[in-house]
Structure formats: structure tokens, C-alpha cells
Amino acid sequence: MVSTATQIANFNFDNCLMNAAGVYCMTREELEQVENSAAGSFVTKTGTLEARAGNPEPRYVDTELGSINSMGLPNNGFEYYLDYVIELQNQADSKNHFLSLVGLSPAETHIILKKVQESDYQGLVELNLSCPNVPGKPQIAYDFETTTEILTEVFSYFTKPLGVKLPPYFDIVHFDQAAAVFNQFPLAFVNCVNSIGNGLVINDETVVIKPKNGFGGLGGDYIKPTALANVHAFYQRLNPSIQIIGTGGVKSGRDAFEHILCGASMVQIGTALQQEGPAIFQRVTDELKAIMTEKGYESLEDFRGKLNYID
Ligand code: DHB
């Protein structure tokens, strides 16, 4: 029997596929649709201390090769999502989940994480260090000093399983420096990658999204090679106790297979989920299983990280 089951930090998942934060996760109704699909889990929209309306529309647009967005962190406030994952956790047959969080400042991040620490939530937390779309707020994970400071403080009080969502890095020296930072901490996982920040898509003579004069995060086909490179670079460099979640450019079983080959233990779908809806999880699962069957693989462990190089 071919299985796509996986584990992150001792949490079991029947399937390695799930949504990427930002897609199908703003409301309970959307999260319920992912919960009731073939996905193995869901992650909630990144929650801030207070609810936010986000940037003006149009702020997400599908393109031929993927998508561009500058949502600006619209969300219902982290407690909305915390309450929901606790509610599900208390149901017998519930899947395990990921709660995505970040503050608009380090101080706000610590207020949020201290509340999660004190809560009944026992699931996984994803700290988003890579939101590219809030005007005036640079991506935390491109600043290694600030990242080190935040994680040092976080791990002084936070004892629940925690991972970080990372932006793509583009230089080998940055892979080395980032991995050296993350290896100092008892992280459960790193999630590679968030959108490629601040692209620009033009239709005729005009930008296609309103915020930031059209600049926005790219997802979809544009980003798969960058995502695979980041998954594999961190797989090569991180302590084996830090698992990798692969995100970026997944719309087929072949794409998911490649992320796992690069070292991913779980695979998230963003743009293609937005375009196709939650039925995509069954389709991509079936395609991944067909590839595994053809190759004689029964579990993800049979090929995870086993990317071949040319001698
Ligand atoms: C938003 C976009 C991101 O890529 C992210 O990580 C968090 C928030 C947004 O614009 O809402």
C-alpha cells in the first residue's frame, strides 16, 4: 500500500499535502473546507494581535504563470484562529494543525506567543518571519540580527512546538548564514518558501494590483525552482531535528514529489489551491501516489532528500 503519511515533530498526518498560509484560511468556513478535503492538515491565516482589514483591492491577481498579491495581512486577529484550533483539538477525530502568527513588532510577537504558550493549544505554531506586504515593515528573516534576537527571546518562554516561515534566499552565503542562525534554536521545522517578494506584473500599461503601486509577492510557477533550491539548501544545512516544509509552485503530484525529493516532510499548496479549490488535494495526492507506485516507493521516507547529483 502506497502512503503519503508524514510526521512533523511527533505529530502524525495521514497526508503530506496541506494549504499554504494565506490561502483558504481566513475564516472558519474556509478552514473547514480544507479540513474536510484530502489535505492532511491546515495552517491558519497569519494572525496578528488585533484584527486587520489589510490593503485596498485589487490585492490578489492570478496570472498565466502564477499569482501576485499584496494582501497586507488581513486577518481576524490571532485569538480567532487560536480559539478554532483549540476547538478542533478537543474533537476526537480531528487532524493536527498549524497556527500561523506574527506581531507587527517584536514586542507584539512576544505578547501573542506568550498567550499561545498559556493557552490550551497543544498543536504546532508557525511564526511568520516573511510577510513582504506591510508598507514600512521589512521582512524579518532578511535581517539575521533581528531574527536571532526574536528567536532568542521566544525560546526563553515558549516550550510548544514552533517552526518558522521563511522567505526565499538567493545567495549561497545567505543559505549558510540563515542555517547557522536557525541551527541555534530548538525549532520543529522551517517552511520554505513564502512568496518571492515585491515582483511587478503589468497589464497593458498598468499594474494589476493596487497596493504599493503594483509591487507584490509572486507565487505559482514563477517560484518552483527557487522553492526547491531553498528546501534542499536547508535540508543540507539544518540539524536533522529541524524538519522542512516545502512550499512554492506545487500544482501537481510531480511538483510535490520534487519537494519531497529535495527534503520536504510536508508540502503546502498556495496559488494552485486558490485557483482550483480544495478538490486539488485529492488530485495531487492521486498523482503523487501514481508516481510513487511507478517507482516502487511505498512511503515518503523511501525518497525524501534523495535527490541525485550529476558526478
Ligand atoms: C501576507 C503575505 C504574506 O506572504 C505573508 O507571509 C503574510 C501576509 C499578506 O499580504 O497578507
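Glycine is treated like the rest: Cβ placed from N, Cα and C.
Going through Lys45, Lys95, Lys160, Lys224 against TrEMBL, the one listed in the substrate site together with Asn69, Ser70, Met71, Gly72, Leu73, Asn128, Asn194, Ser195 turns out to be Lys45. Maximum C-alpha to C-alpha distance over the listed substrate-binding residues Lys45, Asn69, Ser70, Met71, Gly72, Leu73, Asn128, Asn194, Ser195 is 16 Å.
Confidence for the domain 'Dihydroorotate dehydrogenase catalytic' (5-292), expressed as mean pLDDT, is 98.
Highlighted here are the binding-site residues (Gly72, Ser195, Gly248, Gly270) whose C-beta falls below 6 Å from ligand 1: Gly72, Ser195, in sequence order. A Cα-Cα distance of 12 Å separates Lys45 (FMN binding site) from Cys131 (active site, nucleophile). In this structure, Asn128 (FMN binding site) is part of a beta strand by DSSP.
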